Amino acid sequence: MTTTLQQRSGASSWQAFCEWVTSTNNRLYVGWFGVLMIPTLLAATICFVIAFVAAPPVDIDGIREPVAGSLIYGNNIISGAVVPSSNAIGLHFYPIWEAASLDEWLYNGGPFQLVVFHFLIGIYAYMGREWELSYRLGMRPWICVAYSAPVAAASAVFLVYPFGQGSFSDAMPLGISGTFNYMLVFQAEHNILMHPFHMLGVAGVFGGSLFSAMHGSLVTSSLVRETTESESQNYGYKFGQEEETYNIVAAHGYFGRLIFQYASFNNSRSLHFFLAAWPVVGIWFTALGVSTMAFNLNGFNFNQSILDGQGRVLNTWADVLNRAGLGMEVMHERNAHNFPLDLAAAESTPVALQAPAIG
């Protein structure tokens, strides 16, 4: 009889836990994806903070030239970063127990893998948690679809790109200047500015910002007056009210006359779908572009493609980008034995577009 009571008690405890996890009455929804998300994001955050502050230098290139990224080794918030794991590790999974000692693990950049893998699992779980909460509330699932754009971008720079290049040392460092360094090297090695998917991403991000500002300013300018001049117009809205808080007809008429009639949406639902879809699709394409360039399917190369009647090169913007890329690549590869192949195997190229007159 005692055993039966204990089993029922255990079953009821598990049932209570399940109900708490899936309850939409909690102040913050947990969900089954949250059970995975919370510990992984906590682990990634704690390790990132400790490594950013106190991690020793990392032999990122695998040539016994450690690079310091933490604050206590002389960096500041701008220059500091969690340095990617060593090129000597390559694509090997490198948890703490794979190293001979903790010092070796730190020297080879083990914290980077710990942070990145837990972070990726955490954001995947966060996306699943968005779907789960939408499902519990009977909503459509498009919130997690929109969030898939930054998830795809993070996966591209932290996972797909290292896979394509053959080493986690080529992943994006976890810091401000490290991000810019990654962007410069990416341009030097893959000519991303001349890749159409990157162009679509730029149109998505900047276009999304423009459309967001246009929509917000139009709505704010066509609010239905519910307050006096001495009150804030925000007091004219009551949460959950049935009537529209702004006049979409007035906004449509204004914008239709400012541009032309069919440039303005007359359907609020299609408008907001467009506002969501534009940046999401753009960022999807950027992530896809990085993922293809990871395997060296690079941007267009129009270098020295325009010649005059005598066969001399007429330098274009493509040539400027190419020469800038060569300079960035030389700075990136700091060692003679690791010199960029496209410089070492080709004829010398003048750096300046026009040599200055001397004397």
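Glycine is treated like the rest: Cβ placed from N, Cα and C.
Counting only residues at least six positions away in the same chain, the Cβ atoms of T40, L41, A43, A44, C47 sit under 8 Å from the Cβ of H118 (chlorophyll a ChlzD1 binding site). Marked as chlorophyll a ChlzD1 binding site by Swiss-Prot on the basis of sequence analysis: H118.
Residues or ranges marked as pheophytin a binding site in Swiss-Prot: Y126. For Y126 (pheophytin a binding site), the same-chain residues 6+ apart in sequence whose C-beta sits under 8 angstroms from its C-beta are F33, M37, L41, Y147.
Every protein chain considered, the tally of other Cβ atoms within 10 Å of the Cβ of E189 ([CaMn4O5] cluster binding site) stands at 19. The annotation [CaMn4O5] cluster binding site is assigned in Swiss-Prot to D170, E189, H332, E333, D342, A344 on the grounds of sequence analysis.
Less than 8 angstroms from the CB of H198 (chlorophyll a PD1 binding site) sit I192, T286, G289, G299, each of them six or more residues away in the same chain. The chlorophyll a PD1 binding site feature in Swiss-Prot is assigned to H198.
In three-state terms derived from DSSP, H272 (Fe cation binding site) belongs to a helical segment. Cβ contacts within 10 Å of H272 (Fe cation binding site), excluding its own Cβ and spanning all protein chains shown: 12. Annotated Fe cation binding site per Swiss-Prot: H215, H272, in sequence order, evidence recorded as sequence analysis.
For H215, S264, F265, the entry in Swiss-Prot reads quinone binding site, with the evidence type sequence analysis. Within the same chain, the residues at least 6 positions away from S264 (quinone binding site) whose Cβ sits under 8 Å from its Cβ are A251, H252, G253, F255, G256, listed in sequence order.
The site 'Tyrosine radical intermediate' feature in Swiss-Prot is assigned to Y161. Y161 (site 'Tyrosine radical intermediate') falls within a helix when secondary structure is assigned with DSSP. When other Cβ atoms within 10 Å of the Cβ of Y161 (site 'Tyrosine radical intermediate') are tallied across all protein chains shown, the result is 22.
Under DSSP, H190 (site 'Stabilizes free radical intermediate') is assigned to a helix (H, G or I) in the three-state scheme. Under 8 Å, Cβ to Cβ, and six or more positions away along its own chain, H190 (site 'Stabilizes free radical intermediate') finds M293, N296, N298, G299. For H190, the entry in Swiss-Prot reads site 'Stabilizes free radical intermediate'.
Summarising the annotation, Swiss-Prot assigns transmembrane segment to 29-46 (among others).
Per Swiss-Prot, transmembrane segment is recorded for 118-133 (among others). Beyond its flanks by at least six residues, the transmembrane segment (118-133) meets 24, 29, 31-34, 36-37, 40-41, 43-44, 47-48, 141, 143-144, 147-148, 150-151, 154-155, 158-159 of its own chain at Cβ-Cβ distances under 8 Å.
Feature annotation from Swiss-Prot assigns transmembrane segment to 142-156 (among others); the stated evidence is sequence analysis.
Long-range neighbours of the transmembrane segment (197-218) within the same chain, counting only residues 6 or more positions beyond its ends whose Cβ lies under 8 Å from a Cβ of the stretch, are 251, 254-255, 271, 274-275, 278-283, 285-286, 288-289, 292, 299. Sequence annotations record features per position, and here Swiss-Prot assigns transmembrane segment to 197-218 (among others) based on sequence analysis.
If you look at the transmembrane segment (274-288), the same-chain residues 6 or more away from its ends with a CB under 8 A from one of its CBs are 142, 145-146, 148-150, 152-153, 155-156, 197-198, 200-205, 207-208, 211-212, 215, 265. Summarising the annotation, Swiss-Prot assigns transmembrane segment to 274-288 (among others).
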(message) Test of understanding: give the count of other CB atoms lying within 10 angstroms of the CB of F265 (quinone binding site).
(response) 19
(request) List the other residues in this chain whose Cβ sits within 8 Å of the Cβ centroid of the quinone site residues H215, S264, F265, in sequence order. (result) M214, L218, A251, H252, F255, L271
(request) For D170 ([CaMn4O5] cluster binding site), write down the residues of its own chain that are at least 6 apart in sequence and whose Cβ falls under 8 Å from its Cβ; none is a fine answer. (result) P84, Y161, P162
(request) Measure from the CA atom of F265 (quinone binding site) to the CA atom of H215 (Fe cation binding site) and give the result in Å, rounded to a whole number. (result) 11
